[in-house]
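These features come from TrEMBL:
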DOMAIN    35-104  domain 'AP-5 complex subunit beta-1 N-terminal'
DOMAIN    248-624  domain 'AP5B1 middle'
DOMAIN    728-798  domain 'AP-5 complex subunit beta-1 beta-barrel'
DOMAIN    822-920  domain 'AP5B1 C-terminal'
């Protein structure tokens, strides 16, 4: 197989990046890696293509280099490429650096005994030593920036690797005066932080060790690659490793002060990263006072940059009142409150500021667990500007609602709580007036937040219950929202009292409805509500059973045999069977189930009702609960025996009865025949001839009601050697999914059985084209084995080639040849005279070769011939392509070749006709492309 050319690499790399596992299913990582490295070494490959080829190694190094040995070999190959790359190819050399870094880190090759790791680190250090572009000039500044980034990545993944080079890195940072000073500072600060962290882990480390660390200029600390530094959260000051020093470390203080003084030269993101590292350094060294940051606070308090503000809050969480006064804290909170409503900020920024308020690091925090809590200084008067309105977007409204609920709960402010309730009623009115789905969701989320804080307010809780019931009475489709609301509140609140009241009110509202006023659509939602009510142990269920029994008697529900409604009623019965007060409804429930098992028209519903009735009348309550309780601890045998009656809310994922096969069990084998037309045309009236002959043909045979099918015949067989478990299959259901929109959806095909020692059954695939183009069908099957288990298997895709769509003329079979020939001529003339530009006339010529023209016609166009006399010089063939297209062929011998005149009423078919004619006239042609004739 030839190596892909430069043009073909773009789609291959895109396919790999999109899904590496799918891409590598057609090849192996070793083969793909070999192709990448081969083209990277090829001098004919352009620089842009080489950069593209490096992206898989940068993004998925572990996929292509699954072992350390492969990673080492790959890194060595990339190092050789870097050495031979032209000095001016800076972009390529930068990407090579990045690729080598990714490969070495991800394959764990950064070790002392890995030669390429030491060589690469030496290369990076050598590259950054050209400070101020003295040696290579400013053109190579991009390479130095990449080297700094690679060293930072190495140090981040292996903390302490560069800790013995602090003096050299500090010297390089001080020398650098170009824009890369920022990169050098960040590298040095990261190494300093990791070095201090490592030192704090050593027992007995003191002033002397810290001084020698700062003055270090030795080799790489390879031991760091074998250690794992424990992480710590500096924002809470919990479990921070402390470096005990007896006196103040002047050298370290000087370094930190200088870094802070220079920080204003950095961009905001870089400043934020530098501050985070220095905060950790000061937090770990006991001799360093947090006051060293005091000079930075004024600048940080006035910042508009989110990353810097985040670093400021991190600093406050780490040092609290040792750095921030009460006035500073009050100022920060007011600033956050102001920014949370600033008109020039976008929604995500405002939400960030509100989140900062809820997680504000106070000097004297009430809680240390990091959960949402209201700062003491945030009062109702201070937060009044953040009251939610209906004009807020959903996220802002909910965030403000949450914040204000906390404010008024802490302040015990009834007036504020009343405003929040009025806001909910305004939202309810919007929902009541057919608000959008987003507004509906926002309303129920807001109700959840309100009740989470004020469920103990009996007056407002009762009013909320009444309001929700009124809303449901007008909009039954809100049943899923109400059910979800009750579930979530019950999950988050210790007291389920409000949930009981709401469900009881909804139950009363539903059961009191006259059956004659209950529509089929609203009944579906009512049954869902009653199903949820039936799960509640503290709600009486007698009225529910009476309502259901009255519903079945007074309506035609049983006669209609609606499976969906019957299943919803059975779901309620199932919950009632597990209800603690089952004794109170025992007789009524038994009557209901007995009525369903005798009167309901659907067989499945009757069977399940009979099963529930048997359980109810034969088992004790304890055994009944044990049988129906399908928790995760239930054994596999019980899962299988009751899986068919599982309610959809009871963890179906643990009780799936359809098991996937490990490999395909079935396949479809095409049976080649003359084909057939799905819509029979015999018995149609004879159409009149004359001027309206063609119009009558279109009206009678191509009218909108005319729908022809393409029928393909297959044998359903086993896919090679299969397990003996699958030698006898029953109730096979074949399902087909379309891969495009050119065909109507296909119905499932049922096959009674398939035995390995019997003749395979014939399967007919019926396709209804919208456009007559080739396609491919995805196929799968569900079947049952002898032991009663159901299985799912995927079949190979079913191709539908262009010739498969060809059909004979859709006219009665007893039409004489003269009539068919007249129709052919009329169609030909109309296509030649067509001015709509939809039709096309073309010419195709080919050399006959060893086969005669007659053989080709008999092999491929026999069914479509209009003139069937073998001695005629001109042969006419008419191909009908459903739903209503025609391809007309005039085939004849020319002087030194065969000539095919082609006419069609859809010019878009030209490429497919061209490919088809090439394939039947030249078998060696492999259909690599489709060109116009």
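Note that Cβ sites are derived from N, Cα and C of the backbone, with glycine treated the same way.
Looking just at the domain 'AP-5 complex subunit beta-1 beta-barrel' (728-798), the mean pLDDT is 90. Taking DSSP states H, G and I as helix and E and B as strand, the domain 'AP-5 complex subunit beta-1 beta-barrel' (728-798) has 0 helix, 46 strand, 25 coil. Helix, strand and coil content of the domain 'AP-5 complex subunit beta-1 N-terminal' (35-104), in residues and according to DSSP, is 56 helix, 0 strand, 14 coil. Residues in the domain 'AP5B1 C-terminal' (822-920) partition by DSSP class (helix H, G, I; strand E, B; coil) as 36 helix, 31 strand, 32 coil.
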